[in-house]
Amino acid sequence: MTNEKTEKNKDFTELLRENGLKVTSPRLRVLEEITHKEAAISQPDLEKIVGKDIDRVTLYRILSSFEEKGIVHKIFDLNGTATYAMCSSNCTENHHHDQHVHFICSICNSVYCLNEVSLPKITLPPHFALHSLAINAVGLCANCQKEN
Ligand SMILES: [Zn+2]
Ligand SMILES: [Zn+2]
Ligand SMILES: [Zn+2]
């Protein structure tokens, strides 16, 4: 148990260093919480968990710096609330390569990265330049299917 935690912290420490971010305990804590759940996590939900230790402004700054550095990516849930999930390792500063479909559950509003479902190539009309493409699949997650 302790070993596992130390291992993880070591990886996160490296991840922060690689991205030129100072290793601080709030940053490590946020990474730990984002990876803890299978689904993406919103800032309000993160606040509920870490709010006692990390104030709102700091949390906001941590999340925006992580997003900018390509450590996490943002997905909007069905209420338009931003949720955060870890990026693939080939995301770099200001350049995300998370080319996968996201799944949002219409009952519990959980957001999942479907890393194995890649986005289709699309052709735009002339004079349009593509910066990003997002596809959200909406339906029932495994947990909600069990309960219904
Ligand atoms: Zn990314
Ligand atoms: Zn669900
Ligand atoms: Zn994702």
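Keep in mind that glycine also has a Cβ here, set from the backbone N, Cα and C atoms.
Since the structure is predicted, the reported quantities are computational estimates derived from the model, not experimental observations.
Here Asp98 (Fe cation binding site) comes close to His73, Cys87, Ser88, Cys91, Cys113: these same-chain residues lie at least six apart in sequence, with C-beta atoms under 8 angstroms from its C-beta. Among the features that TrEMBL reports, Fe cation binding site is placed at His96, Asp98.
Annotation source TrEMBL lists Zn(2+) binding site at Cys105, Cys108, Cys141, Cys144. Long-range Cβ neighbours of Cys141 (Zn(2+) binding site) (same chain, at least 6 residues apart, Cβ-Cβ under 8 Å): Ala39, Phe103, Cys105, Ile107, Cys108, Ser110, Tyr112.
In the three-state DSSP scheme, Cys105 (Zn(2+) binding site) is classed as strand. For ligand 2, the nearby binding-site residues are Cys108, Cys141, Cys144; that is, of His96, Asp98, Cys108, Cys141, Cys144, these have a C-beta under 6 Å from one of its atoms. All chains included, 20 other C-beta atoms sit within 10 angstroms of the C-beta of Cys105 (Zn(2+) binding site). Less than 6 Å separates the Cβ from ligand 1 in the case of His96, Asp98, drawn from the binding-site residues His96, Asp98, Cys105, Cys141, Cys144 in sequence order.
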